[in-house]
């Protein structure tokens, strides 16, 4: 019987099949490229270069033949189009960069290539990672594989849809205010945002530099741990990368998977784990279907030996205004370089240099990006800096301190990723504030720089996936992944696929 990726449920199985020569990297790449072509209506990919992909796959096969294969050699991966890639376009979902090709690879892309992974293409995303639905892309919206009339989440919606639909076994994403966790939840996959600084930002087109963080998106916690092993580590080219002296040491993120906690048993592997439930995450605004799925997941954790503890994160509501001051302020600075001279689209007709700047930016940026640039410029302007930006930074510190008080009472925090399941395409586009409010449960984690992840935990309205959010303390990714893996060993939500749920 010929090999089919449909029979594979994890990256480890895929790696084992490659190692056993049940399939070659080239055969695997061809299978996924065919799937991408067949599912073009999802609009998950912006750029596919089959010849380049197959050349990488053949190189992986040659590496294996020489006995030089790493654990992930030959395994395909899709990259969010916010990472620059030599030889591929890197658009950030924007007309401004529609034809941009980078002369170098982002560190994340470089490290995945060093691990032998094969790039399938560049995935669609909200323009410059600004959005929660993947409707802000210059290249059109991405459709959710579970219901193509709904959004996949954003801004890493193309990556989430690609993994959920089986167009790629794994993908890279970025998370500034929830852009790995929320689309993972909406699309029924697993994704983790590491501690800020764990993964290099070098070559990642910046949105908000103090918040942006790259991470893996796949089907399971084990997959994410394997990917994080390849992805994470100190990078001297990124000034925000955590140095070894600061705690950014290389580690094996798979080391705790399947291991009971100290003093626990195999039947109750999480005995002694204290799960903090922020009361602010279970109040008004949380839909009943999402709460039901999350509560059922928490009950499963109790069966695994964990205890539930109520904690408080009193400034949760303030995370929205704080984020939407700080992130646009940083975006207005970062995006100033896209002026038609240094980078990006240049208007065809203009009177003088100033007119060229204005027309190039007006034509090159979409509505949401323009909105955030204007907000950011305003809050940084003379007379408003202290009232808005400085005040937001002070509250950001309070939010981080609130998490530390909560972690004094628990080991991991859990709750919903989003207040609802994925909404219909176009449902919120006319009301940006409603779109922003959908990020209520993910923003504070990003503001604090903490690691957080989403794991599938059930289904809600219209059979749409629901994600459980797990939040850890700084550098606690291995424990988060262990905790998520234990849940996935006891349940099968992460094995469900669109059309087969």
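Including glycine, each Cβ sits where the backbone N, Cα and C put it.
Feature annotations, courtesy of Swiss-Prot:
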ACT_SITE  80  active site, charge relay system
ACT_SITE  155  active site, charge relay system
ACT_SITE  179  active site, acyl-ester intermediate
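Cα to Cα, residue 80 (active site, charge relay system) and residue 155 (active site, charge relay system) are separated by 9 Å. Separating the Cα atoms of residue 155 (active site, charge relay system) and residue 179 (active site, acyl-ester intermediate) is a whole-number distance of 5 Å.
The active-site residues considered are 80, 155, 179; of these, 80 has the fewest other C-beta atoms within 10 angstroms of its C-beta. In the three-state DSSP reading, the residue listed as 'active site, acyl-ester intermediate' counts as coil. The secondary structure of residue 80 (active site, charge relay system), as reduced to three states from DSSP, is extended strand. In the three-state DSSP assignment, the secondary structure recorded for residue 155 (active site, charge relay system) is coil.
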